[in-house]
């Protein structure tokens, strides 16, 4: 008598549950712009949603605790001259958010802990470098103040928002870029494009290091994300317009590790990945369900777990970083589903009887501290995220201001060669003095960085004491 063997996994019984109506966010006029982004971004402090607005683009920012019906006088963030297309919270500062728009700009905003009554209309920095609308904005996972933007001019620009300057520009894509995803340490990113190619790019070498033509044979948009092992998880369509997912090794692009057909539907599948559990959640625009899978090293490599279904179709989705989930309820993920006029949190939970902290569900996760400074990353250094324990939960620190020190554009231009006949020798400093000045500047920079880190540590300690967790 044969006996079927059930695969052992602690995530086999994960189930999704929507919160009660009063714990959701009502009366939100979600944007109707035709763009395949998630329209929603969330972190342990705030929920941000791109909304309908007249006279330019706007998005709404709500503290997570402000549930229920939206106050009609709640201020919006308004600064873009055209509809907002994408938003992303900074992983290293819960009060900093980046946005991009049809007005060809990206902007970085400082969101105060206490929202006033007046709209926020002054960004801390405006990033201007694209000639057409900017549809993608995403932060570097480990380096401070590094932001990537991609526009309909087929250009990818990497910025240092601390100075407001463009560091790297890449024009390797001949057509519209669908999505961009960094790998775990931010040394590479992958892109999908309208030319049906999947690319892996090294931004500091300014080159495409691997590419695959048509990982999915259909002509509809694809999505791709890096897994923690360095593989690529993709969603797309077959030639017969069936939705499909794939797992690829970028060092051996000839054959997929796994390729799985799902269903027939028009909505682009947006993947949300949790590196701690190696699970991926697939949310299709216009779908009323969320499918989730576990990626393992055993065949068939991508294992279907379950589906969360509801009656209403989703307009977009937000994915909470791991440090924002409730460990006391064995919650391993939380998604924020956008309806036409509301946002509904959905908790993904592992059923456990014990109330104690579950070590096996919560390995140390990426914390809010950056592992690198912008200059170190630009020089070629790579570091994995700085991890923190989830045992005591996560208390968001108080607001930290992002200081933008703009460089004079003239400083980056080459110095004109002086004529040999010039008799003005007053500008020629002695070499010893130049060396001394450079050393002084370097020492001062090091002192400022150490003091900033000290301030952050003290603010975090103070926040724990005031919240009664210490």
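Placed from the backbone N, Cα and C atoms, the Cβ positions cover glycine too.
Per TrEMBL, the feature compositional bias 'Basic and acidic residues' maps to 398-410. The annotation domain 'DUF1899' is assigned in TrEMBL to 4-68. Sequence annotations record features per position, and here TrEMBL assigns region 'Disordered' to 361-429. Taken from TrEMBL, the feature repeat 'WD' covers 77-111, 127-169.
Helix, strand and coil counts from DSSP across the domain 'DUF1899' (4-68) read 3 helix, 24 strand, 38 coil. Confidence for the domain 'DUF1899' (4-68), expressed as mean pLDDT, is 92.
With helix defined as DSSP H, G or I and strand as E or B, the repeat 'WD' (127-169) counts 0 helix, 25 strand, 18 coil.
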